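Chemist: According to TrEMBL, the protein has these features:
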type	residues	note
DOMAIN	84-306	domain 'Anoctamin dimerisation'
DOMAIN	309-892	domain 'Anoctamin transmembrane'
TRANSMEM	320-347	transmembrane segment
TRANSMEM	398-418	transmembrane segment
TRANSMEM	481-508	transmembrane segment
TRANSMEM	528-549	transmembrane segment
TRANSMEM	576-594	transmembrane segment
TRANSMEM	692-715	transmembrane segment
TRANSMEM	743-767	transmembrane segment
TRANSMEM	847-868	transmembrane segment
Amino acid sequence: MQMMTRNVLLNMEQEEDDDEDGDIGDAPDSRKPFLAPHFLLPSGLVLENFDQTIVCPTFGSLENQQDFRTPEFEEFNGKPDSLFFTDGQRRIDFVLVYEDETKKENNKKGTNEKQMRKRQAYESNLICHGLQLEATRSVSDDKLVFVKVHAPWEVLCTYAEIMHIKLPLKPNDLKTRSAFGTLNWFTKVLRVNESVIKPEQEFFTAPFEKSRMNDFYILDRDSFFNPATRSRIVYFILSRVKYQVMNNVSKFGINRLVSSGIYKAAFPLHDCKFNYESEDPNCPSERYLLYREWAHPRSIYKKQPLDLIRKYYGEKIGIYFAWLGYYTQMLLLAAVVGVACFLYGYINQDNCTWSKEVCDPDIGGQILMCPQCDKLCPFWRLNITCESSKKLCIFDSFGTLIFAVFMGVWVTLFLEFWKRRQAELEYEWDTVELQQEEQPRPEYEAQCNHVVINEITQEEERIPFTTCGKCIRITLCASAVLFWILLIIASVIGIIVYRLSVFIVFSTTLPKNPNGTDPIQKYLTPQMATSITASIISFIIIMILNTIYEKVAIMITNFELPRTQTDYENSLTMKMFLFQFVNYYSSCFYIAFFKGKFVGYPGDPVYWLGKYRNEECDPGGCLLELTTQLTIIMGGKAIWNNIQEVLLPWVMNLIGRYQRVSGSENITPRWEQDYHLQPMGKLGLFYEYLEMIIQFGFVTLFVASFPLAPLLALVNNILEIRVDAWKLTTQFRRMVPEKARDIGAWQPIMQGIAILAVVTNAMIIAFTSDMIPRLVYYWSFSIPPYGDHTYYTMDGYINNTLSVFNITDFKNTDKENPYIGLGNYTLCRYRDFRNPPGHPQEYKHNIYYWHVIAAKLAFIIVMEHIIYSVKFFISYAIPDVSKITKSKIKREKYLTQKLLHESHLKDLTKNMGLIAERMGGAVDNSVRPKLE
């Protein structure tokens, strides 16, 4: 049989390229994505490596369209739940969908012909690589064609060895102990019914080798590679097969073909409908089981069937839901303590002495406060902040301090125990040595045009760019990220300017009658109105910038060109989180640590940009405003995400069903039902992680201002797990299963947040709340020599913490009292610790200020050192891998080496015996004639 020296490709002249995704999937003809070398493939097929060419039999001229090997067209057999070709023997491992170019309504002959030839060349090369294809027209739309892909046993074995896929050697003989012991009777209610979802049998595994096939636990060839593994292998091939050569540049990969519109979709199949079991008795109906025991609302209190999730969707999705479930469990403890601290503050708010003084008509009602802006803002009575001071007593209490310390310890416990749980999953799911088996991305391989010497192997290898080129790319990427971060900071400055401007408007328009009973004037003070509107605008700007930056971050990461998919996701993760961190948290940091801290005093205020007077906090501080900001952002973010995750795909699928042209009683095959579902997208899981990590930041970084944050996060996460499960099982196509050993770059991000959270909460208590000034007053300034009381008390705290200002000292002398009924006053009060007018150092900071500053700094240092010491001790005391898991890993390695070694010795002994027999026979044959 005559062999060709290259595979079936379209060698086109200069023509307009249909592709839309830049250089992804392009490679010079001498650089080809890694595929199986010829000695690993079935006879009659020789596939390409970097320096090899494809040899495919029985083809003549490349230009002739008749030389393409095309899939056979078969009619739908009327079995809607079938997962096999028409013959009922070959399993469908992947589905490709395209629109028949000859039946397109807008028939651009030249473009359609080019697309058709590219597709035919691609499908022909898939057949050359050993895959089997079968085409079937849609039963509802005659223009759509579904190409079903099947990988034969020989191809699966070949690529399982190339991809270093771990497969079963023998059943696991290690006994597992329940973590609950005597509580099994209680946890049985929370566990998934094992009669419905049977536990998976555990095996000792090893990377597959065709030469040692007899050592592996192969009871049945059809079940040895599960559907998820088969789809992984087929997708590996689809991503690397070429379809065009133009100007000595190769185009390859299914992703490129889908993005350019040659194929409309490419996906593995769900095994059945989500709400009905398959009619095929041999089908396990895993999708139905997942919906019934995981995604259905009635299972909201049950544990997740993680093993089945991993088996059906792959380790990457499995590890996400394992982490989300564990995080939610740990939030239960934090929520209980947070609610207890909240109730403590709520019950004791009536005993809050300083709030009583604010609300007392004889104290707060007689204190005239200085205007908080120039010219337009009036004088105001302190008691108009009565309601906000009562609410502030709930959050600014001693319980908040206890809760902040507790959360510093909680976050460490969560991270350390998660590491242990993650190590157990790595062992159970065979991902301990995953890094060794991960292949380069096709986009990376396509750009490898520089040859270097590997320092370890001393062999030549190809890389996409030199060291200088890498430095240039990193510099450009870092500059782009920095530009967008500066853009966010500019938007925050814009919000601050809005707050400064609109505060003047609210101060002049909102009613100020202290004796009024209107609920608006009781709750909606100028400060509160400014805070609420600014928070809403800030949230809208956050969501707009998110949408834009997501696309920019992907473009930057594509330009950076990471080697593996894990490297790609980690790089994108760091860029996105850095942006999101500044985007979501900048306004909270401003309120917590900058607002009201640099305002000067009424006679000499500090101005922003030389025009806008800095904002001041309420007399009780900015803590309540920070709580409002957190509530709006957390609540708005949760609502927006649920709309995006639930409502949007449901509406899209609903519209698709109404727009679909179908017969009245047509039976729809499995592949066509899945095609009309929504595609998940490459980064679908990335956004789920990002959403939860941003929430994790809110729960830990600013928890001292909002003890109910863990409770809100707990409720959200309980719903999030089931919403994500419902979305995956009912609204989206099945994703290509992917391997993952851990949660990737999100782990160090959480550790960084945990370290920063100790500092932020200590500073919130010290600088944002009024806890330290109250303690200083109670222990030092309520009694002699600074106070007039004979015992420790909080009486007189408000009067002591408000400084006095002489109205005649205003730089703008046109300020007058706008309220006729209040009379003429010469003095007003403001929030600061300064000497009164007439003092030798008038309007300079007094001794109380320096006592408070010293106490705040001492508190921060003591709190940080205590919590960091406890965190270090916990991290040291709790090993990342439990003793039981270590024993299992060592046992598996020992048995695997022993089994493979003994098998190798048996083969060697057998071969040596055969050689000895042959040599003995040869000697006998040569000696016998001489003896005769």
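The backbone N, Cα and C atoms fix where each Cβ goes, and this holds for glycine too.
What TrEMBL says about a protein is an automatic prediction, not a curated fact.
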Chemist: Same chain only, please: residues at least 6 beyond the ends of the transmembrane segment (576-594) with a C-beta under 8 Å from a C-beta of the stretch. Say none if there are none.
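Modeler: Beyond its ends, the transmembrane segment (576-594) has Cβ neighbours at 481, 484-485, 488-489, 492, 495-496, 534-535, 538, 542, 545-546, 549-550, 553, 622, 625-626, 629-630, 633, 637, 686, 690, 693-694, 697-698, 701-702, 705, 745, 749, 760, 763-764, 767-768.
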Chemist: With Cβ distances under 8 Å as the criterion, find the stretch in 320-347, 481-508, 847-868 that has the most pairs with the transmembrane segment (398-418).
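Modeler: Maximum Cβ contact count belongs to 320-347.
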Chemist: Report the mean pLDDT of the predicted model across the domain 'Anoctamin dimerisation' (84-306), rounded to a whole number.
Modeler: 83
Chemist: Using a Cβ cut-off of under 8 Å, list the residues of the same chain at least 6 residues beyond the transmembrane segment (847-868) that approach it.
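Modeler: For the transmembrane segment (847-868), the sequence-distant neighbours (Cβ-Cβ under 8 Å, at least 6 residues beyond its ends) are 404-405, 408-409, 758-759, 762-763, 765-767, 772-773, 775-777, 780-781, 786, 800-801, 832-834.
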Chemist: Could you tell me what the rest of the chain brings near the transmembrane segment (528-549), counting residues at least six beyond its ends with Cβ under 8 Å?
Modeler: 388, 484, 487-488, 491-492, 495, 498-499, 502-503, 506, 510, 576, 579-580, 583-584, 587, 625, 628-629, 632-633, 636-637, 640
